[in-house]
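Peer 1: Below are the features I grabbed from TrEMBL:
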BINDING   29, 210, 235, 239  Zn(2+) binding site
BINDING   270  ATP binding site
DOMAIN    350-413  domain 'Cysteinyl-tRNA synthetase class Ia DALR'
MOTIF     31-41  motif ''HIGH' region'
MOTIF     267-271  motif ''KMSKS' region'
Ligand SMILES: [Zn+2]
């Protein structure tokens, strides 16, 4: 078995072989930073973080680039509405998103290029396209990509150029040679951020940034290009057209697209106003819950988000956490130990088989749940010591490949203190009444919650781990 990935370009699941042995280059389209990121953005980030973590666990060195679109109509409009500087507004949302990615346990990308820091490379790219007659400087000052010059335009989204041209939605534009042509460079308008260029003051169109950044940060040809499936057309189609027209080579080997997060049957989006921001989500739930939500389904399918799904995900996390409670027994042999050892030994291969099948994270989670069942059964049967620790270590190891932290919810000392004091008082009464079994139960259950009791002639004190 080897890794196979579904490729949107071919509509096939294909064996994956990187262009350079042991190295993977991966470019993922990032957000346009004009408002608070929502959990749809979190979904995409988590999907490609899991891809990266799995590739790294498989021995590859991954160069992972994600861009920030910090020059865009939406940013300029929002900044004007709020009386702010567009670049300052973009910067504040960029920093906020980077912080949220850290909270979500998403590994930092190798590079985070932004439009505003890539202008020379973008201009150079456009000059290259003009030199090949794949782009032209129009009478209105803009520079357009010449779609007609690209013979296989439409190959990713499987749209025929003639159908698109006759489509009613494309309005003729006097400045363009063809209504399908799209802007690479927009001439400056008053009050907008602008940069000097061979075509006068202006700013880049949206699509060109990713072609230029990918070329600059990675190479002419890359292994994986990713993003949400709402980017297939026109964004990724145009990226392919730009890059392949310039280099004459195939751009990305594999085009990976994640499904959209859906709230009440609709795609979560700013325009529909059905947003849950990442900050809102993380104020109520852990990052592991977000990750388990994503991991429980296929990354290519829509992710339905509602209270029921959320409650189900919470139960899943509790089930996994239950396996991390300490053992009380000391048995290190016998049939239960043998079963546990066998499951611990074969879990990595099962996990790999699941993930090799187009990152089937739901099947990979099933392997984790098999481990959870065996660990808990072993604890109940009095197993402890090395075999039990090995089971928990394996669970943590595989969970980490999926980016799960599995941290005990940090019940802060102040929150839990009155209840712990109450239980200690109750236990003292039980001991007075010689109810040893019950008093030991209180001590043991507290110990499972990482609260350690210490008895002394002066009474009982308690400490918590961490
Ligand atoms: Zn992009």
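The first residue you see is number 1, and the count goes up from there.
Backbone N, Cα and C atoms are what each Cβ position is placed from, and that goes for glycine too.
Note that TrEMBL annotation is computational and uncurated.
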Peer 1: Which of these binding-site residues (29, 210, 270) have a C-beta closer than 6 Å to some atom of ligand 1?
Peer 2: 29, 210
Peer 1: Return only the integer: C-alpha distance in Å from residue 29 (Zn(2+) binding site) to the residue listed as 'ATP binding site'.
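Peer 2: With the alpha carbons as reference points, the distance is 18 Å.
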Peer 1: Pick out which of the binding-site residues 29, 210 has the most other Cβ atoms within 10 Å of its own Cβ.
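Peer 2: By the 10 Å Cβ neighbour count, 210 comes out on top.
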Peer 1: Could you give the mean pLDDT over the domain 'Cysteinyl-tRNA synthetase class Ia DALR' (350-413), rounded to a whole number?
Peer 2: 94
Peer 1: Calculate the distance in Å between the alpha carbons (Cα) of residue 210 (Zn(2+) binding site) and the residue listed as 'ATP binding site', and round it to a whole number.
Peer 2: 22
Peer 1: How would DSSP class residue 29 (Zn(2+) binding site) in three states?
Peer 2: coil
Peer 1: Would you count the other C-beta atoms found within 10 angstroms of the C-beta of residue 270 (ATP binding site) for me?
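Peer 2: A count of 14.
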Peer 1: What's the number of neighbouring CB atoms sitting within 10 A of the CB on residue 235 (Zn(2+) binding site)?
Peer 2: 17
Peer 1: How many Å lie between the Cα of the residue listed as 'ATP binding site' and the Cα of residue 235 (Zn(2+) binding site)?
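Peer 2: On Cα coordinates alone, these residues lie 18 Å apart.
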Peer 1: Near the Cβ of residue 239 (Zn(2+) binding site), how many other Cβ atoms are there if near means within 10 Å?
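Peer 2: Neighbour count, Cβ to Cβ under the 10 Å cut-off: 27.
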Peer 1: Report the residues of the chain - excluding 29, 210, 235, 239 - with C-beta within 8 Å of the mean position of the site's C-beta atoms, for the recorded Zn(2+) site, in sequence order.
Peer 2: 206, 207, 209, 211, 225, 227, 231, 236, 238
